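Colleague: Reproduced below are the annotations present in TrEMBL:
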COMPBIAS  123-132  compositional bias 'Low complexity'
DISULFID  C100-C115  disulfide bond
DISULFID  C526-C543  disulfide bond
DISULFID  C545-C554  disulfide bond
DISULFID  C561-C571  disulfide bond
DISULFID  C582-C591  disulfide bond
DISULFID  C835-C844  disulfide bond
DISULFID  C1006-C1033  disulfide bond
DOMAIN    181-251  domain 'Ig-like'
DOMAIN    256-338  domain 'Ig-like'
DOMAIN    344-521  domain 'Laminin G'
DOMAIN    517-555  domain 'EGF-like'
DOMAIN    557-592  domain 'EGF-like'
DOMAIN    601-775  domain 'Laminin G'
DOMAIN    809-845  domain 'EGF-like'
DOMAIN    851-1033  domain 'Laminin G'
REGION    120-145  region 'Disordered'
Amino acid sequence: MACNCNQSMIYQSNERRDYNCPGAPQYPYNRFKGGVSLKDTPCMVLYICADFKSSKLSSAKPIISGPATTRAPAISYVCQPNDFKCVSHPHTCVRANMVCDGIYDCTDHSDEFNCIAGKGSGKSESNSGSGSFKRWKKSPEQGRRSLAKAVKNRKLRKRSFAKSRDYSLKLDDQSSNLRAGESTDVECYSSDDTYTDVVWERSDGAPLSNNVRQVGNRLVISNVSPSDAGNYVCKCKTDEGDLYTTSYKLEVEDQPHELKSSKIVYAKVGANADLQCGADESRQPTYRWSRQYGQLQAGRSLMNEKLSLDSVQANDAGTYICTAQYADGETADFPNILVVTGAIPQFRQEPRSYMSFPTLPNSSFKFNFELTFRPENGDGLLLFNGQTRGSGDYIALSLKDRYAEFRFDFGGKPMLVRAEEPLALNEWHTVRVSRFKRDGYIQVDEQHPVAFPTLQQIPQLDLIEDLYIGGVPNWELLPADAVSQQVGFVGCISRLTLQGRTVELIREAKYKEGITDCRPCAQGPCQNKGVCLESQTEQAYTCICQPGWTGRDCAIEGTQCTPGVCGAGRCENTENDMECLCPLNRSGDRCQYNEILNEHSLNFKGNSFAAYGTPKVTKVNITLSVRPASLEDSVILYTAESTLPSGDYLALVLRGGHAELLINTAARLDPVVVRSAEPLPLNRWTRIEIRRRLGEGILRVGDGPERKAKAPGSDRILSLKTHLYVGGYDRSTVKVNRDVNITKGFDGCISRLYNFQKPVNLLADIKDAANIQSCGETNMIGGDEDSDNEPPVPPPTPDVHENELQPYAMAPCASDPCENGGSCSEQEDVAVCSCPFGFSGKHCQEHLQLGFNASFRGDGYVELNRSHFQPALEQSYTSMGIVFTTNKPNGLLFWWGQEAGEEYTGQDFIAAAVVDGYVEYSMRLDGEEAVIRNSDIRVDNGERHIVIAKRDENTAILEVDRMLHSGETRPTSKKSMKLPGNVFVGGAPDLEVFTGFRYKHNLNGCIVVVEGETVGQINLSSAAVNGVNANVCPA
């Protein structure tokens, strides 16, 4: 008789063996008679002695026949499209017929979560282990009935002997190797409902130390020390009195991951900086550079002893970590603090001082800008942008007698807006100016904003010349009404934002005169030996504190972020301490615990958030259920036009226990505010609906009536561009509008989120998240007691049996499988990662260094700095060369036109692409277009082809493999083409919209060489400012 064991069996035999183990229970030897197929014959069950030595067998325990609920490890298995992916380990797959069969295949048990009762009932049919991944909501009573039935069926059901498997215990991890001070937890899974008394103990009999405790069936180890090392035993006892054990081994490194003292490196703004690791080279270490906050410069070599940075700016300053690993396994971190000096300009006006930048973009009907400055005199011009030589439209911000004044002329009628209160000299101030069509305002610091005079028409603002700050090269550039006196600004300017984007003052200035260094760190604002960095912020500096100190000026005792302190999460310094922002499925103060989530509801804890796609702007219709654990003021929902505290926004907050909706559009002074009549009940589910229709804000809470409010005047379009933040917001990137006046996130549970009656999957649809926890419930939401007319939920499909157990098939991207900042998308139920520039691999886990070539697979691009081609914005002559190979008939080669992220609305551009197998060259100048096509040479044959594209005024020249074609646009009065953006090679983000629906396909092939007019052949690593899914061309 042969055993029909599958690959997951640990041991098999067709003989009975008797091992004389003391106290071993005696099991009857089952003989099988004729009529039983060998296919249905079970494997022989053995009893293994404790002293039976085999690396392939687990430690001694009784093995009894019956319905096993933990499957032994399987041989390596390749994921298939229809497989279930484990929630906490998305790279681990389980076959569909092994889901909801009562057996744990995922270490987090997610393959058996929320199954519909009765799955795996023990029927011997071949399909008894299969099941659907569909799930639906139940009322509390339905949930209780199903749960009771499931438990009853589990206790009473019997499986045929043909389906018997071994009982066992299973751990998340059999062992861990930690460094001193780290934390972890391990869960011991009992394999059947009849198990009781799960107990964790040390194998040597010693009591658990104070930092090691049992929570449920988890062993939680915090701040580990060498004395905690050893074996820990999990014990489970069945109702029959049988004792089962499994062990967990904890090792603590004798040589901890050492953090060396910081080395400070100084560099002048615009200069190059070299950071040295400082490790012992005689021990032959390997190197790896990282940055504690912010992004590393693109194209840097990270695996050498030296990290070289080019043309450093204020945003390059900070802490860089060199992690060195020696051959003996010891690892040490060597911090380098880069201090960039001269990043904050000072204007002395001796005799003149100013900086010029490109004109304020896209400002015809809408603009906003902010300026942060420290004045030394009460008068002076801060900002000016206008037309030619003292005529036409303009905007001007200046100081007069310490009052901020904004003067403008949008269409022949000069106007003046003046702040309410004077400014203090030698202190930092921020002025915000915003305009949308007829409305606008100026706001200084936290003063009340002052509105523009009412405009009867909607004049277009037409700005042509450069934008100046601090002064102008010649006062004849200004109209007579632009300033009250011809005096430049005296003082420092630390920050300029235009249309929601922060300008790098030194790098982006087209021209500067009379500028000196402001030196905001000269007064030593960072206390307790903190290191001061010049920064483009509202106080012009930031501090890097010494261990034990925190706060803006390092004046508060507390913990600061250090490398690796948050494990898989990211660390943020707060005013009084530090906090960890943990990714999905992790929790704890150091992200040390596994957190099993479900799609029904999410728990937020004040510093949590979940980000979803941007809602529609023409209308808003969002509904959700909330269960507050606290009625403190908090943010429930937030989305806005900008991540800065300016522009349009929509917010749902909890204020004074009441739900409050705030909406502001079109640079209005005051938002529309709608407040619930009654406070929300504590610890109970309440349905909230928010809508915006024809400029009217509508709020409905629970079964109460709708409450409405509308801003005066005509309706304005709501402009939203950020994610929809739920339960809070990302405080590292988003500054909430000042009207909201709340910064704390929601404390409680949120469920059943709908956008225009379309359900939002709380896990699968997440774009970004931090510190989310489980609400501790599955199907207990929104029953008869709290009915709120939710859109109907589809009933169970007819082919699902009443007592089946089925888990929810977590969307592939919900577990955040993409590393190093990669973004995830779902294609045919498979997670596909789009990798940022410098990374590749299935999960963006591989670092790569591009040289002069790059390969693409139809979903990538590289954005190259325009200065390598032609630094001038206005160009009468343009030239570019490219060598490529492709096997596909369509794909963009390059596009040069508007700035990244800007929608195409008729701007000038030049572009080349493979169209139907032939190279096509397009250009647009002053509203007129020309298209040249080389129909003589087909290029989608996998061979190398050379393309040279030139433009001389309105004439276009295309050369493909030395064959020339030319054409021209219709004559225009304009000969120079304006190309403010960078050059996109191989494709572009959101290609169709970005190119005005001219091109639909990114390149699938290899860019061998890119040649610019300024530098010749371009090294892509040094020239790239951004990129996605760019790899090295195959040899």
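Each Cβ is built from the backbone N, Cα and C atoms, and glycine gets one as well.
In terms of burial and nearby residues, how do these features look in this structure?
Modeller: DSSP assigns C100 (disulfide bond) to coil in the three-state reduction, outside any helix or strand.
For C543 (disulfide bond), applying a Cβ distance below 8 Å and a minimum sequence separation of six or more within one chain yields P525, C526, G530, V531, C532, L533, R552, D553, C554.
Listed in sequence order, C526, N528, G530, G551, C554, Q560, N573 are the same-chain residues six or more apart from C545 (disulfide bond) with CB atoms under 8 A from its CB.
Around the Cβ of C571 (disulfide bond), 21 further Cβ atoms fall within 10 Å across all displayed protein chains. C571 (disulfide bond) carries a strand DSSP state (E or B).
DSSP assigns C591 (disulfide bond) to coil, not to a helix or a strand.
Around C844 (disulfide bond), taking its Cβ as the centre, 22 other Cβ atoms fall within 10 Å, counting all chains.
Listed in sequence order, N853, A854, S855, F856, F884, T885, T886, C1033, P1034 are the same-chain residues six or more apart from C1006 (disulfide bond) with CB atoms under 8 A from its CB.
In this model, the domain 'Ig-like' (181-251) carries an average pLDDT of 78.
Across the domain 'EGF-like' (809-845), DSSP classifies residues as 4 helix, 13 strand, 20 coil.
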Colleague: Between C591 (disulfide bond) and C844 (disulfide bond), what C-alpha distance do you get in Å?
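Modeller: Given the Cα positions, C591 (disulfide bond) is 22 Å from C844 (disulfide bond).
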Colleague: In this structure, which of the disulfide-bonded residues C100, C526, C582, C591, C1033 has the fewest other Cβ atoms within 10 Å of its Cβ?
Modeller: C1033
Colleague: Counting all other Cβ atoms within 10 Å across every protein chain shown, which of the disulfide-bonded residues C554, C561, C835 scores highest?
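Modeller: By the 10 Å Cβ neighbour count, C835 comes out on top.
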Colleague: Kindly say whether the domain 'Ig-like' (256-338) and the domain 'Laminin G' (601-775) touch, using the definition of 3 or more Cβ pairs under 8 Å where each pair is 6 or more positions apart.
Modeller: no
Colleague: Verify whether three or more Cβ pairs under 8 angstroms connect the domain 'Ig-like' (181-251) with the domain 'EGF-like' (557-592), leaving out any pair fewer than 6 apart in sequence.
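Modeller: Counting Cβ pairs under 8 Å (6 or more apart in sequence), the domain 'EGF-like' (557-592) reaches the domain 'Ig-like' (181-251), since there are 3 or more.
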Colleague: Check the Cα-Cα distances from C835 (disulfide bond) to the disulfide-bonded residues C100, C561, C582 and tell me which is shortest.
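Modeller: The smallest Cα gap between C835 (disulfide bond) and any of the disulfide-bonded residues is with C582.
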Colleague: Work out how many Å separate C571 (disulfide bond) and C844 (disulfide bond) at their Cα atoms, rounded off.
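Modeller: Each residue's Cα considered, C571 (disulfide bond) and C844 (disulfide bond) end up 22 Å apart.
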Colleague: What does the DSSP secondary structure composition of the domain 'EGF-like' (517-555) look like, as residue counts for helix, strand and coil?
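Modeller: Helix, strand, coil within the domain 'EGF-like' (517-555): 0 helix, 11 strand, 28 coil.
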